[in-house]
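Note sheet for the following structure.
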Amino acid sequence: MIRKMLQGKLHRVKVTQADLHYEGSCAIDQDFLDAAGILENEAIDIWNVTNGNRFSTYAIAGERGSKIISVNGAAAHCASVGDIVIIASFVMMSDEEARRWQPKVAYFEGDNEMKRTAKAIPVQVA
């Protein structure tokens with residue numbers, strides 16, 4: 001059996017640019033990509049916490065240290081500057097691998113200040 005698992009996640013980053021006329025994609029600060037283990041040109045899902053939109057695109061590297069999150073092309077209709085989003089990538093693996101798998105998660109606050117990284121998502125308390 002093959003399972004689709006969360007590979008990496010940027011939790012609650014803020015959109016800094018939305019460029020309808022750029023070639024598409026989402027430019028992400030290289031430091032953020034590294035923290036979540038997301039590669040340039042990798043498929044990503046973006047979930048807009050601010051307006052509820054959910055869409056897919058691919059990651060491109062933004063300038064390291066710039067804190068850029070630029071939603072480009074047609075996807076710019078789905079996010080505005082200042083929106084809070086979650087960016088995730090996924091990986092396919094065997095059931096055996098999945099049971100040992102730990103995603104890379106980076107948590108953000110304010111103006112894209114990375115507060116911490118983790119290799120697990122905390123259990124949600126009832």
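Each residue, glycine too, has its Cβ placed from N, Cα and C.
Database features (Swiss-Prot):
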type: MOD_RES; residues: S25; note: pyruvic acid (Ser)
type: ACT_SITE; residues: S25; note: active site, schiff-base intermediate with substrate
type: BINDING; residues: T57, G73, A74, A75; note: substrate binding site
type: ACT_SITE; residues: Y58; note: active site, proton donor
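Distribution of Swiss-Prot features across the structure.
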| residue | record | Cβ contacts under 8 Å, 6 or more apart |
| --- | --- | --- |
| S25 | pyruvic acid (Ser) | T57, Y58, A59, I60, N72, G73 |
| A74 | substrate binding site | L20, G24 |
| A75 | substrate binding site | G24, C26, I46, F55, T57 |
Largest C-alpha distance in Å for the substrate site residues T57, G73, A74, A75, as a whole number, is 10
Per DSSP (three-state), the residue listed as 'pyruvic acid (Ser)' is coil
In three-state DSSP terms, Y58 (active site, proton donor) is classed as strand
A correct count of other C-beta atoms within 10 Å of the C-beta of G73 (substrate binding site) gives 16
Around the recorded substrate site (T57, G73, A74, A75), other residues with Cβ within 8 Å of the Cβ centre, ordered by sequence, are G24, S25, C26, F55, V71, N72, A76, H77, C78
